[in-house]
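The structure that follows is given in the form of structure tokens.
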Amino acid sequence: MATVVDMTEDTVLVAMESTACEPHHVALPELSGVSSITSQSENAEIHEQQQLRVYLKVRPFSVEELKNNEDQGCVVLEDSETIVLHAPKGSASMKSSEKGIGQQVYKFSFSQIFGPNCNQTEFFEGTISSQVQAFLHGKNALVFSYGVTNAGKTYTIQGSPKDPGILPRALEVLFKHIGGRQYEHMDLKPYLSSDVQKLDSELVKLERNAKAALFSLLKEDPEPTKLRKRSSTSSINSLSFSNVSYDHTVDSADGMADEAHCFYSVWVAFYEIYNEHVYDLLQPAQSSKTKRRAALRVCEDSTGSSYIRDLRWVNVQNTEEFSKVLRVGNKNRSAAATKMNQSSSRSHSIFTIKLIRIEGADVQALSELSLCDLAGSERCNKTKTFGDRLKEAGNINNSLLILGKCIAALRNNQGFRTKSYVPFRESKLTRLFQGMFCGRGRASMIVNINQCASTYDETLHVMKFSAVAKQVLQVIPPRSLESLAPRIVGLDGKPLLKNGVIDDQAVDDYLSEEELLDGDEADMSILPQEELVNLVESLRVKLLAERRKNLLQEIQIRKEMGDAMLQQIMEAEELHSRQMEDLKESYEEKMDSTFEMYKEALKEHAYQCALERLEEDYIPIEEYKEEQERVEVLEKRVCELEQKCRCSGPLPNVQDNSMQTNALPTTEASGAERFKLLYKEKCAVENLCVEKQEFIMSLEQRIGELNDTLQEAGESYMEKLAEVQNLQNRLSTREQEIECLQSNIMAKEKEITGLREEITKLASDSIGPPRSRCGLLVNIKESMTPPSTGSLCRTIRKSVRATSLRKKAS
Ligand SMILES: Nc1ncnc2c1ncn2[C@@H]1O[C@H](COP(=O)(O)OP(=O)(O)OP(=O)(O)O)[C@@H](O)[C@H]1O
């Protein structure tokens, strides 16, 4: 377990979790290794950091695709690092963008983009060429291609006979680098994850025979099997590498003069992961048709690095042999796929090259280059339906999902002080390449896409994945010369003589506890007492070591749990504050909208009243004008009459007037009649005035009513205002509650810190001297695990009894 945490203020760089360690480190992790904290400047000196290189390759349209109108301008290359995706009509992205979810146009950036017109040479030079150079000089590298099916992943890796892909080009560069320095004996072979096994002459012979048998498979079937019609062009028949360029200046520039005396041994393996099972593609096909392929186990060596047990490594001496191996692998892959009614695009195929650098009798370095052609990344619903197919789809998608999760977790760990769990162990694929993401080598990713409108949604998914991957920061710790030299082991798996002395410690590290106990138990009954005591002592030491290991594991688990809890608390806190913010906003919005509502209601009411009043008071304009004219005429008459009256003295009583009518001369009689008429008219005018007065009064009454309504509305507004006030009060209570919660969280954090300190204390205490109160036999009992525990104790008891009997007899 190795963790590097940069604790600088603004950038917390990396918090990667790994069980893959540098070769030859001790099996027991150091306590300080659980979490080593270094400053940024220190890190810059010690570690090499680089973002995961993510390259994009856009495949050209095929003739059929153009016929099927797949070219709808979905993919637009903006420049050598930027690409824009436009959702075509009918795609799920377009539909969701029309509903207001998601976008129609997406922009992505890559380390380098290679368009449809780019050839394989340019692609190799622009992508993994530097990684291949590093591999030649002892560094590990992983390249994986990701994309939907038919996007050109296999073409990118294997290429076509005319235009080889990155894998044959890498091999070509490798053999050009080796030149005449080929190590021709096949007696040094890769072993476990990063060691080398010394083979005896018998095994070398077997190795040669096996290789010949493997190549003879091609004689029976000279034509490469066509896996699928469309991929037949990418199968490798006989490769010509004439156009592969090799930069000889690199070696001299690197000053690798020492390497001039070295010899190189190249070993390759080719396997696939299908349905979470690992299958060797270089094992001869089973003769019986019904026989299932043997799945290989993924194991870990004493350094915690993963390797595939019983994987076949084939020694290759030149590019011809390599292309034969590749053909056999492809043939086996296609045969297996046909037998299982599967498509090869549903398995991940991995080609690994191991380069052993030998000087004299010593192995100087071992480096590894893996090229992984991932299964098509399309999702379950489109491709599969039921039963085995669904399981298969689940497994493919699961391993890609876990890969995505690991990449996302690695990216997230860069931004947080507390590192989250990286689920490397949840799939075979990520388990095997965990080391490459955790400092054992440099990884890079090739994203393959086609430009077809029909696969736009899947392509978008691929691009989003790669956008996350691009943010992953790789930290490569420098390797000391010591760590570069792999361990050479014998046929029994034990390290061989080093400077004439057997490295006991190394043997112990290599042998599992089970093996040690078995051996001891077999010898125990014939051991003298002194040796038994020694054995007990050594077992006690082992027990202590085991306890220490357990404790460290427990500490690590507790730490992880603590971190996870802290993360959860932080997340909960963030969620809570976000909820409170939302609540506050929604209350404010509600308050505003209520206020607006009342304002609107008041306005509406006033408007309605005004309208009603207008309707009631409405008089047609003609009527009004007539009335006006009549009033004017009447006013004139009144004026005239008044003048006359003033001229003729005070007006007589009406009755008197009637009595005197007959006596008056005719002119006076007509004047009186006019007067009567005028009087009537005056009365009518007065009546009109009274009516108007009444109308004014009714208007005043209406105004009064309106005022009342306004007052009522005002009162209800005040009530609502009080309600709003009440809501505000509740809001402030909630805020107080949040503060209270925050203080609780602080207290919890303190508790966690206390717990951590306790754990650290516990750890340091436990490493101290053993508890003397436990008896020796008690310790043995504890150290043993059933079933070996019982038998070992019984054997010890027997031998103790035998010794005491012997004593008595003497
Ligand atoms: N750069 C290219 N130039 C010309 N043809 C290409 C290119 N890339 C891919 N092709 C062609 O496209 C087709 C699909 O490519 P390939 O088989 O490599 O896809 P894939 O992603 O590996 O598919 P699967 O996941 O199903 O294995 C092949 O016929 C291949 O020859």
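The backbone N, Cα and C atoms fix where each Cβ goes, and this holds for glycine too.
So TrEMBL says this about it:
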DOMAIN    51-472  domain 'Kinesin motor'
BINDING   Gly147, Val148, Thr149, Asn150, Ala151, Gly152, Lys153, Thr154  ATP binding site
COILED    566-644  coiled coil
COILED    696-765  coiled coil
In the structure shown, with every protein chain counted, which of the binding-site residues Gly147, Gly152 has the densest set of Cβ atoms within 10 angstroms of its Cβ?
Gly147
Counting other CB atoms within 10 A of each CB, which of the binding-site residues Val148, Ala151 comes out lowest?
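Among the binding-site residues Val148, Ala151, the sparsest Cβ neighbourhood within 10 Å belongs to Val148.
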At a 10 Å cut-off from the C-beta of Thr154 (ATP binding site), count the other C-beta atoms across all protein chains.
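The answer is 24 other Cβ atoms.
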Relative to the Cβ of Lys153 (ATP binding site), which residues of the same chain, six or more apart in sequence, are found under 8 Å away?
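The list for Lys153 (ATP binding site) reads Ser145, Tyr146, Gly147, Asp373, Leu374, Gly376, Ile446, Asn448, given in order along the sequence.
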What is the number of other Cβ atoms found within 10 Å of the Cβ of Asn150 (ATP binding site)?
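So the Cβ neighbour count for Asn150 (ATP binding site) comes to 21.
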For the coiled coil (696-765), would you mind checking the mean pLDDT of the predicted model?
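The answer is 90, the mean pLDDT of the model over that range.
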Just counting, how many other CB atoms are there within 10 A of the CB of Thr149 (ATP binding site)?
20
